[in-house]
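So that you can see what the record holds, here are the features copied from Swiss-Prot:
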type: BINDING; residues: Cys429, Cys435, Cys474, Cys478; note: [4Fe-4S] cluster binding site
type: BINDING; residues: Cys478; note: siroheme binding site
Amino acid sequence: MSEQKLAVNEYLKTDSDYLRGTIQEGLDTAVTGAFSEGDQQLIKFHGFYQQDDRDLRNERKEQKLEPLYSFMLRARVAGGVCSPEQWLAVDKIASNLTSSNSIRLTTRQTFQYHGIPKRNLKTIIQDLDREALDSIAACGDVNRNVMCNPNPVESKLHQQAYAYAKQLSDNMLPHTKAYAEIWLDDEKLVTTEGEEVEPVYGKTYLPRKFKMAVAVPPDNDVDVYTNDLGFVAVAEGDELVGFNMVAGGGMGSTHGEVSTFPRLADDFGYIKAEDTLKFAEAVMTIQRDWGNRENRKLSRLKYTIVKHGFESFKAEIEARTGIKFEPKRDVVIGDRGDRYGWKQGVDDNWHLTLFIEGGRVKDFPGQPLQTGLREIAKVHQGDFRMTSNQNIIIAGVPSADKALIEGLARQHGLLGKLITETRGHSIACVALPTCALAMAEAERYFPDFLTKVEALQEKHGFLDQGIVIRMTGCPNGCARPFAAEIGLVGKAPGRYNLYLGASFEGTRLNKLYRENIQEAEILAELDALFALYVAERQAGETFGNYTVRSGVVAAVLDAAKDFHG
């Protein structure tokens, strides 16, 4: 590979002294609310992005002021599990140190803060550290937050799967001490020439972000096939014995560039549970060594597998682990939604899944959600589990405490509102006004849009049936829109590409149906399609499957060839 061809980020990483850069100097500079251009890339590895309020951008420009810079900080919480004590600390930070005064639950089972001024970053990170929470590797060219099915019913199997998710998260952490030095005031370590600081990542880390998930069938709430690397649990009775390993998924693409495409992961085969970390490290180091470092748009693992071929990639995994894949075991991949309301686990404790619209934990008029969760955390003795559908589970509630928890939830608007199957299965990214990449609205607009879709479902007599609908402000795919039965991807303000045809279970991608259309056109298209669906559907046929069977869109079987074709 010619050095001149490397992406700019590769030089930044090489010259950063293992992710230190000049972040400390930027932190000490009060004349601007921003970091330098290079450090804006490095701070991602520390868990946050620089943003500005796009609603105020033009106004501030007219006033000859710099943009209203702030930061989005994302925590690393493997499997989305935290204690009530941790939640109270998370809540206090949101209320006292961010301008958004809210907590945003993400599509990868963690939380993030928006509207953090630069001067508050260090305080927030130190406050999180006191509660054994951090933001290391929550962003950047590293392994991101590891997802795991929260599975509030099969609690024994969940605990086993969660243990592996936690190990994967801990083992794939960067080894650099930059985070501790800059944010936690640890003494700077002096490394000697040739010392191996990052035994897995190396000096330039990965070519691009890397996402892992652990699924516990039949649930596929973690959308395992959309991840770079996924482990599908195989159980014998209540015991986890191994995983079907999948690799090569990813949602991001670029409008108008057919060389980029979303992709679902390939099935590689079955591995024993005790070999999980070996296989994860093998896949990650192959991506480190083989991944594209010249063009970041083509640097995710999915492109590496397409370029080198499935068999070649599989052979390299087996060579690096010294272990052959066994044939994949039969498992059933089912629903991607959450189980709302109360469910009793095998340990006789109860688990309450609460719907959080758009993942935004905030005190809304008539719905003081943030206060409600705070009050629950003060009395709850179990744990809080964030889901990949942006919801939260109050887990491990003894029967004696059930009425207390439910009363608090109802009192604060966390329970009592009717949630349709479609709304309960649907998610959106943050988008405007904070995300720099957003081309259109998502979180702020999505609830009202869903209400109009629900009205169409009611008109056609199938409101009781769920459709997976997802909306993002751009094609980077944070809310996994290309794996939705109805995917809406922002193209311009008020305009979206409409994608149809993904499977309800998340095992097939969707395909572009209409491009760059406004709400009225979207709803008109769905109105007509819903009428056909009700008239022509087969018994038990989901909307996504109908659109493929009836020829509304072609099935995407090989994303590299079919997604744009």
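The backbone N, Cα and C atoms fix where each Cβ goes, glycine too.
It should be emphasised that the depicted structure is a prediction, and the values quoted were computed from it without experimental measurement.
Sequence-distant contacts (6 or more apart, same chain, Cβ under 8 Å) of Cys474 ([4Fe-4S] cluster binding site) comprise Ala431, Cys435, Leu437, Ala438, Met439, Ala440, Val489, Gly490. The Cβ of Cys478 ([4Fe-4S] cluster binding site) lies under 8 Å from the Cβ of Thr107, Met251, Cys429, Val430, Thr472, each of these being in the same chain and 6 or more residues away along the sequence. For Cys435 ([4Fe-4S] cluster binding site), the Cβ neighbour count at a 10 Å cut-off comes to 22, with all displayed protein chains included. Within 8 A of the CB centroid of the [4Fe-4S] cluster site residues Cys429, Cys435, Cys474, Cys478, the other residues of that chain are Val430, Ala431, Leu437, Ala438, Ala442, Thr472, Gly473, Asn476, Gly477, Ala479. The secondary structure of Cys429 ([4Fe-4S] cluster binding site), as reduced to three states from DSSP, is coil rather than helix or strand.
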